[in-house]
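Take a look at the structure set out below.
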Amino acid sequence: MNSLNQQYEEKMRPCIDLIDRLRSLGVDQDLGLPAIAVIGDQSSGKSSVLEALSGVDLPKGSGIVTRCPLELKMKKKKEGEKWCGKIRYRNHEEEIKCPADVDKKIREAQNTMAGSGAGISNALISLEIASPDVPDLTLIDLPGITRVAVEGQPENIGDQIKLMIQTYIKRQETISLVVVPCNVDIATTEALKMAQQVDPEGERTLGILTKPDLVDKGTEDTVVNTVHNQVIHLKKGYMVVKCRGQREIKQKVSLTEAIKRENAFFNDNVHFKTLYDEGFATVPKLAEKLTLELVHHIQKSLPRLGEQIKEKLKHTNAQLEKYGDGPPSDASERFTFLIDRVTAFTHDAISLTTGEELKFGANIFSILRKEFTTWKDTIDNSGLTFNWNIEREVAQYERKYRGRELPGFINYKTFEGMIQQHIKQLEEPAVQKLKQVAEIVKKELFNLAQCSFIGFPNLITIAKLKIEAIVNQKEIEAESMLRTQFKMELIVYTQDSTYSKKLGKRKREEAEQEKLSVRPHSSNENGATLKEMMKHFKSYYEIAGQRLADQIPLVIRYQMLQKSAAQLQRAMMQMLQDKEKTETLLLEDFGIQTTRSNHQGRIQRLSKARILLTEFSMNIYNFNSTPVQT
Ligand code: GDP
Ligand code: MG
């Protein structure tokens, strides 16, 4: 079995080791690693081939025997060194003392992972065997493809198995070994069809023909042609092997003896002797070919692997950043951690309400600016409707209030009454605006709490309760201020000089316009009063409107932003005084906790993987660049 020469071994061993080390780091959870998967219909001889390659007895028999993916890691030891084995699954790890125990241990593992019935599981069982008699090779044995469910199996067992096989063979990093018995028509086998689906060119598919001793008389040439790659072409070609049949197993023919018998079989067979001479037959030749194929495959995959690790690390780091650092385990450090998180939050809340740059969340001021602009529009629009209503209103007031004065004289009470009524119409819209802003502030602060305390559901809940209470309270205070403002607005007042200036300007403007207008003046006596009245209204409304356009936003900003944020800060700090509550507040969301530690684990794995890869390529470089000594 030692036909591989020394130089090959020196070159190949590190390659396979590298991948095995990556796999034992768990990197195969993050990305596909170069591997060889064995697929085939039930009883096609998969396990027998693996047995012959590994020299250990694996579970076999009729029906479904392989029920979990089995990773078979083989490591070649130096001649004379002791056999050793190890099995790993889930959290279980166990030494295996002798090859005869392997079968039993695998069955135990399968029962643990897939139940004691006939069910299957996707969980990987890993078997490591080191011995002078095995090739350096890692193979994955998969359950055989079946069509009909037997008792105790779910109806869709066939689909489940196919799905599992697909997940392995669809990866670019997997070489598929398709096991087909010589006594069936290769073109009709399900396994080959599946392999062709994911690898139409057969770039990474290798055919293995088994049971050549059972070939139907007269079809030997088809087998020879198939192995010569003339029937269904696969780039990696075919091999033919003969393993122990049922009878030989009953007779307890050893695996070493089986290899001898296989050799004799091919050597003596008139049909298959050519294949033997050409190196297409026997298990040892298969081992040699597989090792070579795997090594080539690994060498080809390495640059891509490096890229993938880099990508994945970058992505995972970005993800982790979102989840923040977890709380420390030390009690006093935990309290400090809590203080830091709460302080950062209140600091951000103040930044939010003063319009400073924030890590999360929108700029609240750009939202508020829009709201306040629409407030100004409300005031302006209400001013415009003045013109529209005025005629009717004036007629009404004239009837009610005009006393002894002649037309054209305005009654101050009428003027005041109409101003008051109009300004009052702005009161509800102003309160409405306040409510809208309160909602916005609440939403933005909630959002901030959610981002700042991600992963700590209790902290989020408490912060939200406090925000809710404070914003509501400030809203009440702000509303009362607004209402007071509108009560004050019932007093028609502005500085004399301000009013005179406004009125004078308006009169001049209107006189200008009158000169330009060709329309004859209204002779209606109401018209004169009305026009006079309008000048006063418009002048005063402009002044009062300007006052309200600024005053309402000021009140809202003061109460809803400035005071809310300050009070939130006090409330959050007060919460910290109760040190007993630290643990409750720091209770982590289970999902987030797991996600974070998954990410952290992945980063650790991938960082180690990157180091391994770098070391490996440096060694290769050194190896290749060593000048030849002459
Ligand atoms: P699996 O279901 O694909 O894993 O198939 P097994 O390896 O369990 O083999 C199924 C049956 O075929 C077993 O009884 C083996 O002894 C038998 N078998 C496997 N290879 C050969 C072979 O080359 N010649 C003969 N005669 N029987 C074989
Ligand atoms: Mg099997």
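The backbone N, Cα and C atoms fix where each Cβ goes, glycine too.
Computed from a predicted structure; not experimentally measured.
In TrEMBL, the coiled coil annotation falls on 558-585 of the listed ranges 138-165, 278-305, 558-585. Away from its own ends, the compositional bias 'Basic and acidic residues' (507-517) comes close to residues 535 of its chain (Cβ-Cβ under 8 Å, at least six residues beyond either end). Shown for the compositional bias 'Basic and acidic residues' (507-517): DSSP residue counts in helix, strand and coil, namely 10 helix, 0 strand, 1 coil.
Mean pLDDT for the domain 'GED' (530-621) in the predicted structure: 89. Using DSSP to sort the residues of the domain 'GED' (530-621) gives these counts of helix, strand and coil: 87 helix, 0 strand, 5 coil.
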